[in-house]
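Colleague: Pasting in a structure now, in structure tokens, and then I'll have a few things to ask.
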Amino acid sequence: MTDVPIPIKEAKTACRKRAFADRASLHGQVSPEAATAALVRQLKEMPGPSIIAGYMPIRTEISPLPALEALSREGHVVCMPQVVGPAAPLRFLQWSPEAEMVEAEFGVAIPKDAGEVVPDVLVVPLLAFDTDLYRMGYGGGFYDRTIEKLGREGRITTIGFAYDGQRIEAVPHEPTDQQLDVIVTEREIYHA
Ligand SMILES: Nc1nc2c(c(=O)[nH]1)N(C=O)[C@@H](CNc1ccc(C(=O)N[C@@H](CCC(=O)O)C(=O)O)cc1)CN2
Ligand SMILES: Nc1ncnc2c1ncn2[C@@H]1O[C@H](COP(=O)(O)OP(=O)(O)OP(=O)(O)O)[C@@H](O)[C@H]1O
């Protein structure tokens, strides 16, 4: 029997469904402290002052907030993503632990009345990843478009943040999928 390749969209949909279930079983079971400490260490290793983009966790994403709060209190500029349109890259609004938040597209909170900044480090949420540092998100292509644009305009470092159990053998990918530079979990730091 010959192997018939599964079309990429179908492969991604099937993978995404499995990844949702797998991540849900990790969330609440895996203690995030070691991941937080590793993320803080990784972000502090960045040369020079950096503007760090995080995310407000939704669903069962591992929360980067303890790490971002600590870095913000130490004087780092931190920002959060905003969806501006279905085919547009994300834009980033400055954030601090005291920032007033409002709910925006897809149920994601964004800082209210905040100024736009351009990050040079992106902490990226994901559903699943592999050791080639491919990631799978919710399917909007927002991070792929954003990484592609920021990379074209300057230097950008991308750090995936996840539970180690979100690692899978191979994430189905297509030419527009961007590989991350680093993935931080509670157990491991993966490099390209
Ligand atoms: N915490 C967090 N913030 C983020 C993202 C993210 O993945 N996580 N984004 C990353 O892009 C952007 C928001 N984009 C999002 C896109 C889709 C869904 C979502 O839940 N989608 C539905 C499917 C919607 C549909 O197709 O009808 C789903 O997954 O069930 C959430 C956020 C910016 N902020
Ligand atoms: N740089 C880009 N330019 C144009 N289209 C893009 C770009 N990057 C991704 N896309 C399109 O977006 C669609 C969804 O991408 P994909 O399934 O990889 O999303 P995702 O990485 O899971 O989601 P997200 O990045 O929002 O978390 C793809 O069909 C792809 O064609």
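Each Cβ is built from the backbone N, Cα and C atoms, and glycine gets one as well.
What you see is a predicted model, and the numbers here were worked out from it, not measured in a lab.
As annotated by TrEMBL, ATP binding site applies to Lys12, Thr13, Ala14, Cys15, Arg16, Arg135, Met136, Gly137, Tyr138, Gly139, Gly140, Gly141, Phe142, Tyr143. For Met56, Glu61, the entry in TrEMBL reads substrate binding site.
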Colleague: At the Cα level, what's the spacing in Å between Arg16 (ATP binding site) and Glu61 (substrate binding site), rounded?
Modeller: 14
Colleague: Among Lys12, Arg16, Tyr138, Gly140, Phe142, the binding-site residues in the record, which have a C-beta under 6 A from ligand 1?
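Modeller: Within range of ligand 1: Tyr138, Gly140, Phe142.
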Colleague: For Ala14, Met56, listed as binding-site residues, tell me which one has the smallest number of other Cβ atoms within 10 Å.
Modeller: Ala14
Colleague: Whole-number Å only: compute the distance from the Cα of Phe142 (ATP binding site) to the Cα of Met56 (substrate binding site).
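Modeller: Distance between the two Cα atoms comes out at 15 Å.
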Colleague: Could you state the CA-to-CA distance between Glu61 (substrate binding site) and Ala14 (ATP binding site) to the nearest Å?
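Modeller: Answer for this pair: 19 Å between alpha carbons.
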Colleague: Can you tell me how spread out the ATP site is, meaning the largest CA to CA distance among Lys12, Thr13, Ala14, Cys15, Arg16, Arg135, Met136, Gly137, Tyr138, Gly139, Gly140, Gly141, Phe142, Tyr143, in Å?
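Modeller: In whole numbers, the farthest two Cα atoms are 20 Å apart.
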Colleague: Report the nearest neighbour of Met56 (substrate binding site) in space among the binding-site residues Ala14, Met136, Tyr138, comparing Cα positions.
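Modeller: Going through Ala14, Met136, Tyr138 one by one, the Cα closest to that of Met56 (substrate binding site) is Tyr138.
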Colleague: If you count other CB atoms within 10 A of each CB, which of Tyr138, Phe142 wins among these binding-site residues?
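Modeller: Counting every other Cβ within 10 Å of each candidate, the maximum falls on Phe142.
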Colleague: Kindly assign Gly140 (ATP binding site) to one of the three DSSP-derived states: helix, strand or coil.
Modeller: coil
Colleague: So what sits near Gly140 (ATP binding site) in its own chain, CB-to-CB under 8 Å and at least six residues off in sequence?
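Modeller: Gly140 (ATP binding site) has long-range Cβ partners Val83, Pro86.
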Colleague: Which number gives the other C-beta atoms within 10 angstroms of the C-beta of Arg16 (ATP binding site), all protein chains shown included?
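Modeller: I get 17 for this one.
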Colleague: Under 6 Å from ligand 2 by C-beta, which of these binding-site residues make it: Ala14, Arg16, Glu61, Phe142? Sequence order, please.
Modeller: Phe142
